[in-house]
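Peer 1: So Swiss-Prot lists these for the protein:
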- 1-31: region 'Disordered' (REGION)
- 93: phosphoserine (MOD_RES)
- 97: phosphoserine (MOD_RES)
- 164-430: domain 'CP-type G' (DOMAIN)
- 253-345: region 'Disordered' (REGION)
- 618-644: region 'Disordered' (REGION)
- 622-644: compositional bias 'Basic residues' (COMPBIAS)
């Protein structure tokens, strides 16, 4: 055994020394919370202990800049600004949207695409690449200057020069340049400067706008867009790659083969194709059937006349195009104006064979490659360029994906001898938008990569009525409070909460998973399940949405909106905490003293019903004093929850 240590404080000295050492070490390596002031009245011995600063946070950078400028900060009081609830949605008010639209119209001429510099056979590849880089850098600086000076928001345009080189090659080798746009918002996906650039390269080239996904539009909506582009002198063709693919794979293939064999069909047969040949998507099938009864008869004569004018126009313009060729700029402009006056657009959905025949009739002049008509397909990502090629070819020649920007290189495919299709990679061209939420809802930005889900879902709630959302998903969205507008659109939180509870999307804490629900709803909006079609300029956006009312009417006729007796008759409403507390039964209570009930009230129990009173009066144990419970409880303890 070891030597016994002395009881008591034998190690007290060591403990004190150890604590003092630890205290000195802690003060040496940690900062103190003591307030000090730098007087700068002595010699700075730490002037040589410099630290290199290469990166700073935004706050540190701001404070360092303010210190260098000698700026002093003074607290401002009584500078109160009320932030409305709509500010968190990320959407613009009506006044702000009108102001931004005015700025868009004033600066529309600055929206351009990069040009390829002039070159000839004497230009070396190195000189051409350097000239392309210089022009591209100049173009990017111009757009950045436009954003900074005018405070405008541009779409995230393509910043890779190799993609623009693909576009230049497609335009140079194409006789017809087809811009494919989305039928729900054609003006956003249309690039007017691209049409000018095509004419700058060769005046004999033709510009055409192919409105894809046109099966989402009704006959009246297609007619409105046809008239709008006809006034601007732009040739448009209404087309649906998905609907045509379903048609070719369906039971009506024999009818399509007969149409392909007979190219000289009458106008009545071409108009009947619009109503009977194209199978529409699930959401639009009911609305198209009701719209065809009321609208197709109204536009039959117009469509027949427009088809005759289209064929006459293309045949008459072929002769002067062959004779004139590439003339001076003044003659080109005069010829272009003459063509614009004779443009007539049809509003019916064309089939595959009709689309190819229109391509052959549009360009009859001198071709880039003798004996071959080359059609270049350009446009934004995910608008259906590759799907259009696969539909025309009859099988999968180009890979297709729902993610924007899937096609990386242009490729040429021969449909038949003398007709070649050229698929260009999707390019996001510079365009004006009000918010980033519009780019997400229009499919320009990927939904899975969004950071904030509130602005795009709020935009969906503004465009799609409350009743359509409830019918589409089978949910009940909570109603506004009594002091709010009963017709206001639902907020993003109300929609996502109802959708998440219905689908069972919950977080770890038992709350509805709103970001996950937002991705599903936004994908339905981009895919067309939640349909909103932008109208032409000058049209009322609310009156232009024919599908919403037709969808509700079809659901009512089908019996899907019938409510079960005693269920779903009254939707939930946002509770007002003040009203609920004020009118609660606990607040209405008589304060009495004594054991026996007075006028139906007992101390600590409130109102006593007749059934309860009769049960207590049963002579079982009369010696029990049940009324002494909470007899001496003070009122301020009973009603402490009412104290402020």
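For all residues, glycine too, the Cβ spot is worked out from N, Cα and C.
From a predicted model like this one, the values you see are computed outputs, not experimental measurements.
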Peer 1: Would you mind checking how many other C-beta atoms are within 10 angstroms of the C-beta on residue 93 (phosphoserine)?
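Peer 2: 11, counting other Cβ atoms within 10 Å of residue 93 (phosphoserine).
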Peer 1: If you run the three-state DSSP split on residue 93 (phosphoserine), which class comes out?
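Peer 2: Assignment for residue 93 (phosphoserine) reads coil.
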Peer 1: Which value does the mean pLDDT take for the domain 'CP-type G' (164-430) in this predicted structure?
Peer 2: 70
Peer 1: Taking the Cβ of residue 97 (phosphoserine) as centre, how many other Cβ atoms lie within 10 Å?
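Peer 2: Result for residue 97 (phosphoserine): 13 other Cβ atoms within 10 Å.
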